[in-house]
Every structure is written in C-alpha cells, then in structure tokens.
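What Swiss-Prot annotates here:
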type     : residues  : note
SIGNAL   : 1-32      : signal peptide
DOMAIN   : 33-73     : domain 'Chitin-binding type-1'
DISULFID : C35-C50   : disulfide bond
DISULFID : C44-C56   : disulfide bond
DISULFID : C49-C63   : disulfide bond
DISULFID : C67-C71   : disulfide bond
DISULFID : C118-C173 : disulfide bond
DISULFID : C185-C193 : disulfide bond
DISULFID : C293-C323 : disulfide bond
Amino acid sequence: MIAARAANLQVAMKALALAVLALAYAAATARAEQCGRQAGGARCPNRLCCSRWGWCGLTDDYCKGGCQSQCRVSRDGGDDDVAAVLLTAPGGGRAGVASVVTSDQFERMLPHRDDAACPARGFYAYRAFVAAAGAFPAFAATGDADTRKREVAAFLAQTSHATSGGPYSWGYCYKEVKGATSDFCVPNARWPCAPGKAYHARGPMQIAYNYNYGAAGEAIGADLLGNPELVATDPTVAFKTALWLWMTARSPSQPSPHAVVTGQWTPTPADSAAGRAPGYGLTTNILTGGLQCAGGNGGADRVAFYKRYCDVLGVGYGPNLDCFGQAPFDGDIMSASAAK
C-alpha cells in the first residue's frame, strides 16, 4: 500500500506540470518582516523568538545569534514545554493552536506517523506544528471554538492525505517524494533556481516548484530557493510552508483555504453558478485546481480524514464536504497531492 502511495505521489508531480501558479498577489501580501526593529519594535505572537532579521520562530536560528526579543526559548523542550511556555495566553491557559488540539489529540489523529514503515518517522512533531502555527497568528484563532476546531481538522486532513501511507490514521508518513525524475525547476525571473537544487514535493502540503519555494521562503524568512532541503530536514520549516499555502490567497478572485473554513469568504454569483460553496470541499477544489471535483477516491479520502479528525476534536463537520461538481477557480494547483 505504501509503495502504491509513493507511485501516486509521483503521478501528482506530473499533474503539477500543467499548472502555473499566480504568485504575485501572494508575494505582495507576505513580504514584510514580522517583528523587532524591522517592524517598528513589534513582538512575535505566542511568545515566539524574534530573530535578528525580524522573523518569528522557535529554532535556534530565531532564538539565538542576535535574537531581538523573547529569546529565552529554544526548540529543545518537549511538547508540554512548547504548549506551556510558548503558547500561554496573557490571562493564563493556552493560546493559538495548542488551545484547539492537544498533543494527545495530535497523537490520536496521527498514531502511525512514526511507524517503522514510514519514511518520515520521527519528523512531524507536535511541537514543530505549534511552533510553525505561531508564525501565522490567525490560524486556529479565527471565529468561534467550533470554527477553530474545524480549521485544524481541515488542515490536518488535507496534509494527511498529501503524506498518507494508508487510510485514515496513516497521515504524515512521507516528508518528500523519493525518486523524483525532475528537478521541478521552471524559468522564473523572480524565483530562479539555484544550481544543482531540486524543487520536488516536500513537507506536509508537498510544496513543489521553484516559484513556490521562493515565495514561501520569502514569507517565512528562509532561503528555500538556495536550501529547498530544509523542508525535509527542519520540521518547523516544513509546517510553515504548509501553513503558508493554507493561509495565502492565490489571486484576488480565489480565496485561501483559511478564509473558506473560517467563514470569511462569500461566494459571488459567478461562484454560485460554478457550484462553488462554503465548506471543507472547497478547500479541496482550491488545493487541487479542481482535479478531484469530478469524483474518484482522492476526494473521498480527503473527506474521510476530515471526518475522523473532527470526531477526535468533538466538532460537527459543517456543510459541503466534497467538491464534486464544482468548477475550478482558474486551474491552478497548490498541492502536489492533486492527482492522489
């Protein structure tokens, strides 16, 4: 089964060759530094460290070597340390994603990610997830409690499908495609490929192509054009790339998955005519460019992961779970799991 999933991921890479993503809109909205003297003295949310370059994070690159504020925490603590120290709300208790999904619930959702059969074993840690989420303060912090739970369930469901070794508790089994036959480098003046580097699918959302690595790296403060391997070696960076794809609208007419699941998107008459409606199903449409909206097992798998995770979090599923019959926005593909 795992070999078959690997083959499916390779097929997904070929499907991505048909898409050219419109990144100008995303890059224009994600360029500014986040903290410190570069941002008027602002502090990072959730008590993350502010690096010398003005970016928020948890690793030693952020917390040491010129760190500007909130520098006492490094990534060496355990999961409980991250929740208690980094994600403490001003009035006590937990804040951010740690207030929505606990480490125990994370383990229940992804019990096999560290199985010996999974190439990503030991990589996708809860502490890396909550640290990465701290760089996106609106994630799991928009709307009421049920909305926040559904967003976490939706994000983990889509990324579980992208990295799955089987249904529906084998999410996060893979961290990159093995044996890629292409370097996924295409001509791009703004995001040129670095010599000898490959931009195949990596991380929870299986980010691929130099233009995605470049834009994501700029947004999170990492040189992913020069060091794309970071997405498969640094779990916090890996989660940040997935969250960037989740939080970023690809064009003014196409919402981010975050905007959809948190109720911030309202369909236009053109959207309604195209069958596009609020709900988890629309995130599949956005992430796959509509490739899984004509039926097939891929869309059904995504729904099954989502339902299971909603059950773990104790929240209802909401409407419109699949995208069957929905027209794509513009054919762009955000996730390399589009053909799975």
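Yeah, the Cβs are placed from backbone N, Cα and C, and that goes for glycine too.
Taking the Cα of C118 (disulfide bond) as the reference point, the closest of the disulfide-bonded residues C44, C63, C67 is C63. Distance from the CA of C63 (disulfide bond) to the CA of C71 (disulfide bond) is 5 Å.
Comparing CA positions across the disulfide-bonded residues C35, C50, C67, the one lying closest to C173 (disulfide bond) turns out to be C50. C293 (disulfide bond) falls within neither a helix nor a strand when secondary structure is assigned with DSSP, and so counts as coil. Reduced to three states, the DSSP call for C63 (disulfide bond) is helix. Cβ neighbour count within 10 Å across all protein chains ranks C56 highest among the disulfide-bonded residues C35, C56, C63, C118. Proximity to C63 (disulfide bond), defined by a C-alpha to C-alpha distance within 10 angstroms, is shown by the following disulfide-bonded residues from C50, C56, C185, C193, C323: C50, C56.
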